[in-house]
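Participant: Here you go, one structure.
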Amino acid sequence: MALGTTLRASLLLLGLLTEGLAQLAIPASVPRGFWALPENLTVVEGASVELRCGVSTPGSAVQWAKDGLLLGPDPRIPGFPRYRLEGDPARGEFHLHIEACDLSDDAEYECQVGRSETGPELVSPRVILSILVPPKLLLLTPEAGTMVTWVAGQEYVVSCVSGDAKPAPDITILLSGQTISDISANVNEGSQQKLFTVEATARVTPLSSDNRQLLVCEASSPALEAPIKASFTVNVLFPPGPPVIEWPGLDEGHVRAGQSLELPCVARGGNPLATLQWLKNGQPVSTAWGTEHTQAVARSVLVMTVRPEDHGAQLSCEAHNSVSAGTQEHGITLQVTLSSFSVPAVPPSAIIILGSASQTENKNVTLSCVSKSSRPRVLLRWWLGWRQLLPMEETVMDGLHGGHISMSNLTFLARREDNGLTLTCEAFSEAFTKETFKKSLILNVKYPAQKLWIEGPPEGQKLRAGTRVRLVCLAIGGNPEPSLMWYKDSRTVTESRLPQESRRVHLGSVEKSGSTFSRELVLVTGPSDNQAKFTCKAGQLSASTQLAVQFPPTNVTILANASALRPGDALNLTCVSVSSNPPVNLSWDKEGERLEGVAAPPRRAPFKGSAAARSVLLQVSSRDHGQRVTCRAHSAELRETVSSFYRLNVLYRPEFLGEQVLVVTAVEQGEALLPVSVSANPAPEAFNWTFRGYRLSPAGGPRHRILSSGALHLWNVTRADDGLYQLHCQNSEGTAEALLRLDVHYAPTIRALQDPTEVNVGGSVDIVCTVDANPILPGMFSWERLGEDEEDQSLDDMEKISRGPTGRLRIHHAKLAQAGAYQCIVDNGVAPPARRLVRLVVRFAPQVEHPTPLTKVAAAGDSTSSATLHCRARGVPNIVFTWTKNGVPLDLQDPRYTEHTYHQGGVHSSLLTIANVSAAQDYALFTCTATNALGSDQTNIQLVSISRPDPPSGLKVVSLTPHSVGLEWKPGFDGGLPQRFCIRYEALGTPGFHYVDVLPPQATTFTLTGLQPSTRYRVWLLASNALGDSGLADKGTQLPITTPACCLGFTEGYLPPLGPSGLPLLPVLFALGGLLLLSNASCVGGVLWQRRLRRLAEGISEKTEAGSEEDRVRNEYEESQWTGERDTQSSTVSTTEAEPYYRSLRDFSPQLPPTQEEVSYSRGFTGEDEDMAFPGHLYDEVERTYPRHLSMVLTPLFACQGPWDLHWPEDTYQDPRGMYDQVAGDLDTLEPDSLPFELRGHLV
């Protein structure tokens, strides 16, 4: 029971759900996953449009596709600046908004949703965005804006062409506001795809009512709000209406003699307005008229006085204009009434002869003479020359106004001798005795010519076509003058009116010479003149001649049995020579290749020539397309050939030509053109390019365009574009494919270069440089060594190897001098070349600097001073320093000893600072040992007490003149205190010494002046500090000198004595004496000052507890430095024995910023060591490769070191100051009247 209840409840719930779902409205047109779909839209160019896309899964990646090209999910849509995605992505709104639409936007679009965690991949139905492009202009023919003149009733053609538009516009042509029905329109392709132009042609027959009206061309399009128009004004010419004579009164034509009559004539309409004239009995009597354009009326008024003889006169008004088919007239016959009170005599107004006075000889001439009405009647008589002729009949009739008309008829025989005589009819009457009335005619008797003949080429002479032939027809006598008519085969010869034939026939006029008449016929012979009969006729006489003309074929025609050919078809061509004289030989050739044909028998042809035919059979291929098959008709007798050709039209599928380029080279970021050399008939309908399976859009893309020739144009080429491109060509006959390779060249990029590269001294190593480049050239690798000297840059002892993308610089037996910076340069012809630095590190055992023979450091042993010992070595890898004192390892845990180690590339230094120096404990020999993985080296440094300076050494002459000598020396150990120098000299044979202080005090060069020429001197050099001088007993401080004579050309600083020549000698001597006094005073002052300092020092030493010991040590040291004076005869050289080398504490400091413990040692060495085989920074990375337990302090050379940017000293004696002027900053500069504080301690 419970189970049944549960089942029924489930079924009921299912039914309710089914009914609810059935009632839920789900649009069938919306696919699952979309809540809004794009629709087909049509917009006008320049407008904005939005394609809607609503997605039910907002988190999905949505993008639009245009004609299959994905635009990407970026809302800004790169590459399409007018496109963007609008809407809230969180709500699933991805509407495509397009600004300022143009024709490129006319495409199919679809909204695509990528697969996501919340939904599958979705694609909306494709919709079409149609862009309407309005026509921008209309081209009207005749030109718009002008006035066009037409004639009413005639048909004219008007054309109207629209500009590019989409869709094709509808064109309507209207005249006078009425649509023209007879119009045809052709739709053509525009300047771009999808654009159209329309050419409408209308046939217009204007009416007079269309005059001054507009002819309008209207173009309407869905893209236009209102049609665009172009128009011109029509000026229609049409004839005027019939003239109307406005007769005054009711009785038209009835007037009285003597009445003044004014008759207006009016003609309405017409363009132009009518031209009016009055005629009386057919003779013009008035041609004056006026026009009224506003009323379109022409008016003329005839003013006349009526006379009796005007009775029966016909008055007419004629109207016409330039387009009238004929003259329109309105006539009135005058009825003149005479007055009854007078009948005066009225003579005849005219005498008229009726009939022709021209007649053929021996035939009768019949004439009638009629007089006008007269009162009374007149008599008539005839005269021929001076001979009176008797009339055949005379008649009198009643005339107008009671007058009489007389008529006389005459018949006589025309004779040749009467030709040219005057025939006169005379009227006379007794009432008119004072005047005679006559009418005369000239008798013209016609008679034929007496003889007729033709002069020209003799018959039977062969004339070549194109020959100019002159035929002359001559006749003697004849009246009228013979017309001399020329006939060709019974047809009258006339000159052609066509310009191209104006020179073909020239027919002269009849010329007269006496009684001989002639007419010339000049013609250029042609085929039609062959065997033609040329006849000249003069009346009944005629003469003929016949021409024999040779001519090449008048026409060579080629007949084909087929028009459309395909490869393999057989084509039969027949060449027909229509007519020639003589017969010709026919031959065939195809593009210069002779073909064999079959000849047909000759037959008769027009112009009495002969026709020929010859056939040829061809098997055509695609290579024959466009080739010309030529038929040549050759006349051996005329030596002339007439040719005609038939161009083969072979339909075949596309074929790539032999010159088709298969590999195209381009440079990265440049342009590339993949050309197409294809032959096809008909031309290829489409060129489809495919790259890596992706078909390139025929409409183009951001970086490609397919040209009309099918070539693929790429720009901004990248190396990713390198590869094979497949070209597919198609026409109605088939398809063809080709593969083109694009080889993109790009500049080299160094991918791998081991920096630094290390090698032991004497070993071999390769510096390997690996690049990515295209093309890979054999010689694209080059190497440079960076150095200031050209010798350092030489790579002659190194081997250069290049294989593919890898270049090697191989170094054999590495030397220290080869360490340094090298540059790998790769240039494959594509700019820019690649460059990268690599450092070669040559590892070697330590090399400690060994000052010769001993390094000494001086310090006061009073347990309050400190001393710093410097030890410097070179070596790679880094060096570890150890110190010993008198051979016993130094306990650096002792707080009195502090060591600082510095590493600068391959140069290393150790500074050992001894605090509270004790003479008993610390005056000893210290040994510095430098060790690395490749070996060790050591040097000794002796710590001694401060003392007098050692004598300088190496005194030598560097320049010599008659009056001066330049000296140079090396300073000795300064005893730990600042030292200065004094020169003592004497002239041999002259008692007394001269003293000169060296300025500046620490200088090591000095020029001694005031000497005499050709004099022997001895010079001594003394060094002194606060504790005393060095003495004169050293052999290196005494130097004999002999000055040269003045005549040897020495002029520098030399002033010759003035003598009898008159020059002032006394002032010069006074000046020299003053200088000597000043020099002696300075030397004496210096000696006194040194003695004072020595006494002061001795006084201090007496106060110390260990004074006797100090004196002993000092005396022993002084005695060891004294060597005694030695006189030598050399005057140009100094002693050159080896002197001890001392390095002053203050002249040495590592090229590193000081630590906190070393601030007091900031004043230090500032020189530069030129013996280094490599720059310090080249070993920076090597230092980082070694363990930290070596206690290195790494500071790259290129780092900014501020005020502590110091240098190593040079191994030369260029510093004039004392080597040990100050010890670790403990000694202050000595004042001239005080003793340094350190001298007040205990001295040993």
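Positions of Cβ are set from backbone N, Cα and C atoms, glycine also.
Quick paste from TrEMBL:
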- 1102-1117: compositional bias 'Basic and acidic residues' (COMPBIAS)
- 27-124: domain 'Ig-like' (DOMAIN)
- 242-333: domain 'Ig-like' (DOMAIN)
- 348-442: domain 'Ig-like' (DOMAIN)
- 448-548: domain 'Ig-like' (DOMAIN)
- 552-643: domain 'Ig-like' (DOMAIN)
- 748-838: domain 'Ig-like' (DOMAIN)
- 846-947: domain 'Ig-like' (DOMAIN)
- 951-1046: domain 'Fibronectin type-III' (DOMAIN)
- 1102-1140: region 'Disordered' (REGION)
- 1-22: signal peptide (SIGNAL)
- 1065-1089: transmembrane segment (TRANSMEM)
Participant: Per DSSP, what is the helix/strand/coil residue tally across the domain 'Ig-like' (748-838)?
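Facilitator: Taking the domain 'Ig-like' (748-838) as a whole: 6 helix, 50 strand, 35 coil.
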Participant: Take the C-beta pairs under 8 A between the domain 'Ig-like' (348-442) and each of 242-333, 448-548, 748-838, 846-947. Which stretch has the highest count?
Facilitator: 242-333
Participant: Count up the helix, strand and coil residues in the domain 'Ig-like' (27-124) according to DSSP, in that order.
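Facilitator: Tallying H, G and I as helix, E and B as strand, the rest coil: 6 helix, 37 strand, 55 coil.
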Participant: So, by DSSP, how many helix, strand and coil residues make up the domain 'Fibronectin type-III' (951-1046)?
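Facilitator: In the domain 'Fibronectin type-III' (951-1046), the DSSP-based counts are 4 helix, 49 strand, 43 coil.
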Participant: According to DSSP, how is the domain 'Ig-like' (552-643) divided among helix, strand and coil residues?
Facilitator: 6 helix, 58 strand, 28 coil
Participant: Could you pull the average pLDDT for the domain 'Ig-like' (242-333)?
Facilitator: 87
Participant: Run through the domain 'Ig-like' (846-947) and tell me, per DSSP, how many residues are helix, strand and coil.
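Facilitator: Split by secondary structure, the domain 'Ig-like' (846-947) comes out as 4 helix, 61 strand, 37 coil.
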